[in-house]
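Chemist: Pulled from TrEMBL, these are the listed features:
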{"type": "DOMAIN", "residues": "41-290", "note": "domain 'G-protein coupled receptors family 1 profile'"}
{"type": "TRANSMEM", "residues": "25-48", "note": "transmembrane segment"}
{"type": "TRANSMEM", "residues": "60-78", "note": "transmembrane segment"}
{"type": "TRANSMEM", "residues": "98-120", "note": "transmembrane segment"}
{"type": "TRANSMEM", "residues": "140-162", "note": "transmembrane segment"}
{"type": "TRANSMEM", "residues": "201-226", "note": "transmembrane segment"}
{"type": "TRANSMEM", "residues": "238-261", "note": "transmembrane segment"}
{"type": "TRANSMEM", "residues": "273-292", "note": "transmembrane segment"}
Amino acid sequence: MNMSEANRVTEFILLTFPCSREVQILLFLLFCVSYILTLMGNGAILCAVKVDHRLHTPMYLLLANFSFLEICYINTTVPNMLTNFLSESKTISFTACFLQFYFFFSLGIAETFLLPLMAFDRYLAICWPLQYPTIMNSRLCINLVVLCWVTAFLCYPVPIYFITQLPFCGPNIIDHFVCDPGPLLALSCIPAPGIELSCSLLSSFIIFITFFFILASYMLVLRAVFRVPSGAGRRKAFSTCGSHLVVVSLFYGTIMVMYISPNSGNPAGTQKIVTLIYSSVTPLVNPLIYSLRNKDMKAALRKIQMCTKISQN
């Protein structure tokens, strides 16, 4: 017997962080400030790369794309989460939930593609310094960036389509702040181990392949760095790669906890905290990591600050 339309779930309830009203308001203020700082930090990097012609190189083009990605990434989750902190119903429509699912995962995959591309760029710059300008020219860099974005957004439409075809007849409460596949599949009226396994295998494949590519790139970089006779040269190379390695560690360390196994068995609280780290905390600290360890970026940001003060006067 087909499930009637009257019994079909048309909206979900995202519990976010269940707590008292006072704590909800406090969390709203905290995440609102974090959200604004994230937009400002990543926006500053975008402006710096655009304004300073010295930063019109593949390395900074990739960094600008990464900052733009982080801005898009937090906009898939944080605005809705902020609304839920002040809302009594905390509802999200069926369509909006799966749209959030699609963009959240597509942008996450785009990040797993851009990070190896940034590692590859550093490998070419350090291991092949003379050939680097010829190999990694602006045209190749742009083509690779476009390939990352397009491929990322083509990975999840089919799995999401099959999940939307599952019968959702209630309950409709998701103990999370984002429409994640695990909680969504748990609400299906029929078990879907095939879809769950497929999503897990796809995520694991992308995560492992890109992570091992980054590891291989930096192993070759380290081997080249240790051959540099000058101590100053080694420090410069380590400084260039250090920021990227910190970002990689933060991002991959958290997503591996969430998406490697078909059912990790993590409690809802742990899932929220881990998801919060890679979806909100990492985009917040990334501008600090890149700007504080990069002389050219700090100089460009100071230039923007001076221009802003002059225009205000």
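The backbone N, Cα and C atoms fix where each Cβ goes, glycine too.
Please treat TrEMBL annotations as automatic predictions, because they have not gone through curation.
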Chemist: Please identify the stretch among 60-78, 98-120, 140-162, 201-226 with the greatest number of Cβ pairs below 8 Å relative to the transmembrane segment (273-292).
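Modeler: That would be 60-78.
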Chemist: Residues of the same chain, at least six outside the transmembrane segment (60-78), with any C-beta under 8 angstroms of its C-beta?
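Modeler: Residues 31, 34-35, 38-39, 42-43, 45-46, 49-50, 100, 103-104, 107-108, 110-111, 114-115, 117-118, 121, 138, 141-142, 145, 177-178, 279-280, 282-283, 286-287, 290, 296-297 contact the transmembrane segment (60-78) from elsewhere in the chain.
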Chemist: In this predicted model, what is the average pLDDT of the domain 'G-protein coupled receptors family 1 profile' (41-290)?
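Modeler: On average, pLDDT over the domain 'G-protein coupled receptors family 1 profile' (41-290) sits at 87.
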